[in-house]
Amino acid sequence: MVAKILDGKQIAKDYRQGLQDQVEALKEKGFTPKLSVILVGNDGASQSYVRSKKKAAEKIGMISEIVHLEETATEEEVLNELNRLNNDDSVSGILVQVPLPKQVSEQKILEAINPEKDVDGFHPINIGKLYIDEQTFVPCTPLGIMEILKHADIDLEGKNAVVIGRSHIVGQPVSKLLLQKNASVTILHSRSKDMASYLKDADVIVSAVGKPGLVTKDVVKEGAVIIDVGNTPDENGKLKGDVDYDAVKEIAGAITPVPGGVGPLTITMVLNNTLLAEKMRRGIDS
């Protein structure tokens, strides 16, 4: 068996076309979604990622802006800029690029975003809504993972799903989304014992810990679906996933590559959530 390759680039391209159609329909009603991104400092990776988000938003017809503050910006300065965007009626969605400089509290900033404009889905109110199954902004990487599974026509009901990693950004929210699809979910983490026994029984494995080569062929059940969220640069700058891709693809039923798997869907879901934010505040059904 050779796994079906779950091409995130193509899935994202198809999904963005649907978003573009919805943006055009909104414009005909007189509304244009706008994404505002706050970037603090000059970290090269953050700058590149923010530019990618801006370009992607503009490509589907949205307005996008980057609010760039100096590395030395105080927490108060960041909060003031955030408050301005919260109160700007032209802004549909706001995200703050992390990591932030040490003098700025990431949690304090994330909690200051208007929950109705929180397109990253990290505000405590939106996290709470996710866990009581209310409509909300879902963190973008988990949302992208679910779109990949949907696109691949993976039936999750009754399946054993193992999530490696318990972060609030990926591990915990994707576990909740899998539960919503009636999968039986196990979360593994750095303190888990005998991880192999859980993995060998998994129909779906989502790995999101940033440890290259963690998931090997000998712990994967034949036909399992493998979602690799790992994104770690090696000594040559080449991105590596958590999964031993070349070996595991020989036994898995389906697998995401790194790069080109989950990554393209993460930015796509930022756009999805920005569109949702605009629709919700205008009283337009999704």
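A Cβ is built for glycine as well, from the same backbone N, Cα and C atoms used for every other residue.
Over in Swiss-Prot, the protein carries these features:
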type    : residues                       : note
BINDING : Gly165, Arg166, Ser167, Ser190 : NADP(+) binding site
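Swiss-Prot feature annotations superimposed on the structure.
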residue: Gly165; record: NADP(+) binding site; Cβ neighbours (10 Å): 24
residue: Arg166; record: NADP(+) binding site; Cβ neighbours (10 Å): 17
residue: Ser167; record: NADP(+) binding site; Cβ neighbours (10 Å): 16
residue: Ser190; record: NADP(+) binding site; Cβ neighbours (10 Å): 10
For the recorded NADP(+) site, enumerate neighbouring residues of the same chain (Cβ within 8 Å of the Cβ centroid of Gly165, Arg166, Ser167, Ser190, site residues themselves excluded), in sequence order.
Ile164, Gly171, Ile187, His189, Ala208, Val209
What three-state secondary structure does DSSP assign to Arg166 (NADP(+) binding site)?
coil
